[in-house]
Structures are given as C-alpha cells and as structure tokens.
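Heads up: the structure comes next, in structure tokens.
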Amino acid sequence: MTTPVNEVPEPSYPAAERRRRSDSDSSPTVDGNAYVHDESQPHDGAYAGAQYGSHLQVDTTFQDFDKTSRSPSAAREQAMRLEDDLAVLEAERVASRSTHGTEKDARSGDVHSLTRSRSRRAEDVDEFDEATNPLHEKAAVYNPPENPSTGVSKFIKRVHESSFIVRYFTYIVPLVLILLIPLLVGALAYPDASVGGVELLWFSVWLEIVWLTLWAGRIVAKLLPTPVNIFASIFTNNSKKWRDVAKQLELPVTLFLWWLGVEISFLPTMKNHHVDGNSRTRDWENTLNKIIISVFVWTILNLIEKFLLQLIAMSFHRRTYSDRIEINKFQIGSLTKLYAFSRNKIAETDEAFEEKQDKSGSGAKTPLRYAGKARGLALGALNKVGDVAGAVAADFTGRKANSSSHPSQVVIALLRTTAGCQTLARRLYRTFVREGFDTVFPGDLKEAFDDNEEAEAAFSMFDKDMNGDISMEELEAVCVEIGRERKAITASLKDLDSVVSRLGNVFEFFVAVIAIIVFLTLISTSAAGVLTSAGSSILALSWLFSATAQEFLQSVVFVFVKHPFDVGDRVTIYGNSGEAGLGDDYYVKQISLLYTEFKKMQGHIVQAPNSYLNTLFVLNQRRSGALAEAVPVVIKYGTTLEQMDALRQRLLEFVRSERREFQTNILTELRAVTENFSVTLNVVFFYKSNWQNEGLRLQRRNKFICMLMVALQEIGIEGPRMNLQGASVDIPYHIAGFPPPYQARDGPPVNDDGGQHPPHTPSSGDDQHHQPGHSPSYRRPSILRKGMVAANARARGVSISSRKHVDFSLGMRDVASNDIMGDVFEARSPAADSAVRQVIAERRIQEEEAERQSVESSRQRNSGSRTNLTVPTSTNEARHSIDSQGASSLSSISRNRFFRHRSHSHSTRQEDLMEQGRSSEQGSSSAAAIRPISPSYHPDEKKL
C-alpha cells in the first residue's frame, strides 16, 4: 500500500478557555447529538476564539459537505436490515414450499394425495379469496376422513376424490342392478306378480325411475349454470354472479327436479298398470301421492328459501364490502409490483457483488464456483418445469396458478402479521428512497408501474396526509393498515357467513313447519280443526315467545339492515355502558346473529345483545373522516388579546411544520368568563385522520398538548390562581396596603438618569390585576427553543420538529404503527394450535420422505450389483438432491448480502493501524499476508 503524496491533516482542536456555559438566550441549543450553530455570534478572528472558546472549533477544510447525515428513519432501517432480509427470505421459503407442494401433487397425477391430506388441505386456498366470495356457500354434506384405516374407507375416499363421471357411475350402477332383480323377476319368472294391485314389473320400473330421476336432476342442476350465465349476460353486466348463484343452488334444484319427476311419474305408472285393469286410484296410492306432494311442496319452499338467502348475502356483500374489497385488492396488487421491483433491484445488486468477488478467485475455487452456478441453473430450471406443470394442472382444474417465485405469495405471507407488514414497508423504503433524502417522492415509484396513472394512484394510497412525500413511518403505518384491513374484511365476511347460516337455519325451521302443516292438511280432513285448536294454544302462550321473537327480529334488523360496524372497527357505544355508565370505546371482535363481542381498550372482552344495541347511538371511528378536537384551557381573567393571538399564531406555526400529522388550521373560542376570575379558552385543532388507530391518536394528541403547554409557558399565559393573593413567585405572601412588587426582568435594571429618579411606583389603584399584559411570575427558558436561535431558525424556515429537545409524542411514535390495542384478530386464530399442527405436519412429511428415500436407496443398492450407473428413480428424488446441493449456494448468496463488508472492515482496520504507526511487525506481516498484493504495488513506492 502506498502513502498518498498529499496527506489530509488531522483535525486541529485549539485550546480554549474553560468556562461555565451560560444559560442566557444567546447561547445556541443542542438538539440531540447535533450542534446548532448560532449565526448571531462572530465566527472569525482571535477575539471570537477567545470569547467563544467554550465551543468546539473544528477545521472543516477537508470535510465532505455533500454527504448528508443519516436520518433516524434511515438509521432504523439500516439497523433492522438483517432481520428484515431474514423475514423476507422466510416468507419466500414458505410461499415456495406451499406452491411446490401443490405442484408436486399435480405432477404426480393425484391432487388429493394421501400424503398431503394428512398434513394440510390439498389446495392452500387463501382465506381472503375464500371469504370474499359474495355467495353463501354450504359446507359439504360428506367429508371423508383424512386418514382412512380400512380398505373400504380408502376406496370410498378415492371414489369421492375422483371425477364426477366416475363418482356418478359408481353410485348409480349398484342400486340399479339391485332394483333390476325384481324387475326381471316380474318380467320373466312371475308376470302376474303384483304389489298393491300394481304389476311387479311396473312397480320395479317406477322404483328405477325414482332412483334414476335423482341423478338426472343432479346432472341437469350441474349443467344449469352454463345456460344461466348465457341468459344473464343478455340482461345484466354481472353474469358471473348469477352463474355462481346457480352453482350454489345445485342441491336444492336437484331435490326439486327429483321430486317433480317422482310426482309426475307416480300416478300414471300406478293407475295404468293395475293387475285387474281398473284405472281407478287406490287408497294407498292417494295417501302416498299426498306424501309425495307434501315433500314436493317442501322442496319448492326450500328452493325459494335458499334463493332468497343467496340474494340477501349478495346484496349485503355488495352494499357493505364490495368497495373495501376492491380497494384492498388494488393495494395488495400495488405492494406486489413494488416488492417485485425491489426484489429484482436487490438481486441485481447481489449479482453485481458476486461478479465483483469472482474476479479475485483462482485455483481450486473456480470449479466449485462454476459447479455452484450449475446447481443454481438446474434449480431454476426445475422451478420453471414445476411452474409449467402447475400451469397445466391449473388449466385442467380451471384455477389460476402462480409460479413459485410469484411476489404476490410473498406479500400475502408478510401481510399476515404486523411485524411482517413493517418488514415489507422497510424493504420498500430501502429500495425507493433516494440517497440524501428521508422520504419517497412520486417520481421514485414510477419505475415499478406500467403507467404514470397507476403510479400516482399507488402513491396517493401511501400518502395519507397528502403532503407530497412518504416517510418510512408513514409507509409502515399504511402497510400495517393494509394487512389489518385484509384481516378485518376476512373476519367480517366469515362472521357474515356464520350469521347467514344461522338465519338459514331459522328459515329452514319455518319451511319445515309449513311443510308439516301442508302434510297434515292433505292427509286428513279433520286436521283443520286440530290446527285451529293448536293455533289457539300457541296464541295463548304468545307471552312466552314474544320476547324471543322480538329479540330475533331486532337482531336481524340490526345486523342486516342497519349494520353500524364491522369486525375490527373502533366504535363508541352511547348508553349505560362503560365504568361511568356514560358509554365507552370498544373494538368489534366478533359479530353473531344475536350478540356482538367487543374488546375494550384495556383488553377486556364484552358481549352485548344486538337487540339492545339496536336502540343505542353508535359512533363508528373507522367510517368517520378526519376529526377535530377541542382542548379547553382555563386561563386567568385579564389575559390580553395579544397573548391569545400569539398563542394561536404559535400553534399555527406548529401545525404547519407538522403537516404530516395535522391540518393547517387552528380555531380559538372563548367559552365562558367566570366571575371576572377565569376565562375558558377552547383551542380546536384538526387531525389528518380518524381515531381508528389509538396509538396514532395518542401520538398526535401528545404532540399538540406538549406544544400547547410550551407555547403557554413561552407567551406567559397563566392560570386563574395566579390572580390569588400570594401567588407570585418572587414574593410568595401578601401584605395589605403594600404596593405590588416590581416586574421581574430578564436583564439587569437600566437607569438612564444615574439613579437620581427612583423607579416608578404604581398608585394604590394601579394593581397587578389591572395590568394583564405583565406577568409577575418568572418565565423559565423553553424546552423547545431559546432566544435568538429560535428567531434565526424561524427566519431560515427550519421546522419546529428539527429543534425539539424531547419527543413530544411521549414515546408513542414508535408504537403508533403497531396499534396493539386495536388488534382483535390474533385472538381469533389459535396461533399455538396452528403452529403445533404445522410442526406435526412437517414432521410427518419428513418421516415419510425419509422412509421413501430409504426404500429407494435400498432398491438402488440391490440394483447396483447389476449395473455401475446409478440413476435417480424419480423426478422428486432428483429434485430433492439438487435442492440440498443448491442450499449452500443460496445460503452463501444470502450471507454475502448480510456480511459483505466483514473482510473489508478487517483490512481497513489493519491499514489504519499501519498509517498511525501503532501496529507491530507481526501485525503488519499478518496484515500483509492477508491482503492481496495488487499488480501496481511496488515496495519502492512507499513513502515514509
């Protein structure tokens, strides 16, 4: 290493006279670790060095002023970079594992494999996509066991998971063959045999009709969505909705068509094939026909009830959640594009670093490096093959498949937790913030989107305060809000589906009652009198059911008609709730048909009946816009209007400097004058958001209240008790008939006439209470700014936030984005149970893979005696081997991203020690042995 010709001299620190630092207003302030230069003082000459020698004097001739200091946001992002990258890699691993698991099942030809079914669902369906379906989906009637133990159960499970053609053929043929036995007996062996006066042959034919009509109706109902879609496309723009309705009504339509066919075929088949040739209807035929009619009426009412239930679910979904779902999907799509751009950009940086490191390699490392590259290429090729196979399987199943490296899977995985949302936000901030700036501007996002309009829409999504830039804290808050909104929509729609299910159960009960009444009316003529007497008895007991019926109707109206809140909303319930009985604030945790669960700010869970909530006023914070708050300040009587105006101007200056938090407007209102003793002044300030996020509200309110306190202290506005006797700081007692004390001054008293004239003594009537402009109390220096430094900073346009000594949010700035109090979703999902199930599932998969590999290895050893070539027996084994071999290369790339400066810092430290002459010969030799010798290095060029 050569020493440069022109060395930069070390900074010189001239000796200064030590003196105590003055607390006067002329001394500059220190904000954090930054020295605020006072431009009001001289800076050059010996006099300056002698007079102001208490300040550190540094020669800044060779200082690089273009390099800006790191902002707190950038410093926090740099400190969290390692954890963020590890979290992103974990999310990518989870997304890739779930995707490749589905693809492996698709490539093996068995989507519902037994191995996968034991661990998790065959398809990892996103809860958000599953919940945002506007229809009310009925659960499957039969769910096969996950681990069938007998051969019959395994056969039934395979049949149930096969195609509908195989299933229908398997279900239809056995019973058809059984019913064919009496048909053949009546046709061939006993032609004169009869059942109830009907020929055995035709009675068996009718039984075949009953069985085959069921499956014919099933097939017609399954094919019904296609013509419904075509017909609806002629009259509406949303034909998919009606097609999905037809899919959900498949079972009710099947039952309706089945019993329609049974009713149509029963009497003609029976009456026209009597043994005696008489076509008169028999008694049992009339009775059975009435039963069939009753069941047919039930199927009609059931079809109408299911159709109305779907209409209720769709209309409620469209009216309440459609806009929120569309906005959240756009937000997640924008985050996906931003993350994809970020990943590509960081990958390019890593590849450039890897290429730079490759230049120094030689010898035996070169083949290993190329082998690692080959493994990486093979791994990428297999990933592409898996993606193609997944796309083919998706084409057959009609589902949309994403590749294993699709950014949307990673973004969704990160949005599931608050920490993941913050990690994603810091990752995006790291990518898009420009060097030397603390915020992201609209032009920084244009590279990640296709057009400027989409980029502007995405920027407005993050720029909640509409000030033209995005800070890292704001980005974190928006990402947490997007993830929280996604979980809120999912939870709300799940609760809605549960409510619709319970409402459907109630409707089914009424349908069954109506069907029973119809059956009793048809089966007997005397049933009318029985029903009349039963109705009278029910009316006599109406007092017993009236309260329940009223509560049910009020709950239905509250949930489906009014619906004042959703899951996750912060609401204020007015009424007899709360500790004081005047109402309280809650977060909605769960909505049911008859009750709603709330979470208090303290964490308590409260349950309230919907019938009671139906009669109360409900304030919804999430549905509210930007809010204002009035802070009452009680000041002493006699405070001048100039002081009040100065207070308003000082607060206006504050809110204009904090545009990210507040609107630039302050209102003042004199509410009351109390007995010429005190004045109540209302100070109204405006937030830029609502109070849904309690942490953010506390942060902003603390900032404003602290600033209000400081402004009152600086201006000299005092409380009403300063008008009381003995309230002065200088003379804390009252003497009757003695003149009031002189006003305290910041500087020494000045007497221009040499002390010949005594100071002015006010008359007896000129009391301090009549001089509101003066304050007898001692004004302490502000914690915010001091004297000329504030004036100079204000003249330069420096924001107030840059001159703070303390955190005005009182610690709420760091927890505002978490919104711990408003998180009602962690308790809904049993995290411990899901984690245990996931670990058990992974353990099963590992055990099965190990067992399969042991079987394959033993098979290879047995075949090794016949051949010397060992070929992997399956694609999965080859894939597993390449995965295990490529893990080291992937981990090295990740390790290079985290620890790329370690060796460089070590060599730099050795070089610094050598230049300072503090390194020993051994250290120098070791450092020289470690550092590579550049081609341009010559020992003779070193200058001592």
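Keep in mind that glycine also has a Cβ here, set from the backbone N, Cα and C atoms.
Swiss-Prot assigns Thr281 and Phe654 to opposite sides of the membrane. Counting residues per DSSP class in helix, strand and coil order gives 25 helix, 1 strand, 10 coil for the domain 'EF-hand' (450-485). There are 22 other CB atoms within 10 A of the CB of Glu474 (Ca(2+) binding site), with all protein chains counted. Cβ neighbour counts within 10 Å, taken over all protein chains shown, single out Asp463 as the most crowded of the binding-site residues Asp463, Asp465, Asp469. If you take the C-beta of Asn467 (Ca(2+) binding site) and look for same-chain residues 6 or more apart in sequence within under 8 angstroms, you find Arg659, Arg660. Mapped onto DSSP helix, strand and coil, the topological domain 'Cytoplasmic' (216-248) counts 29 helix, 0 strand, 4 coil.
Remote same-chain partners of the transmembrane segment (527-547), defined as residues 6 or more beyond its termini with a Cβ less than 8 Å from a stretch Cβ, comprise 517, 520-521. On the 0 to 100 pLDDT scale, the topological domain 'Lumenal' (190-194) averages 85 in this prediction. Those same-chain residues not listed among Asp463, Asp465, Asn467, Asp469, Glu474 yet with C-beta within 8 angstroms of the centroid of the Ca(2+) site C-beta atoms are Thr439, Phe462, Lys464, Met466, Gly468, Ile470, Ser471, Arg660.
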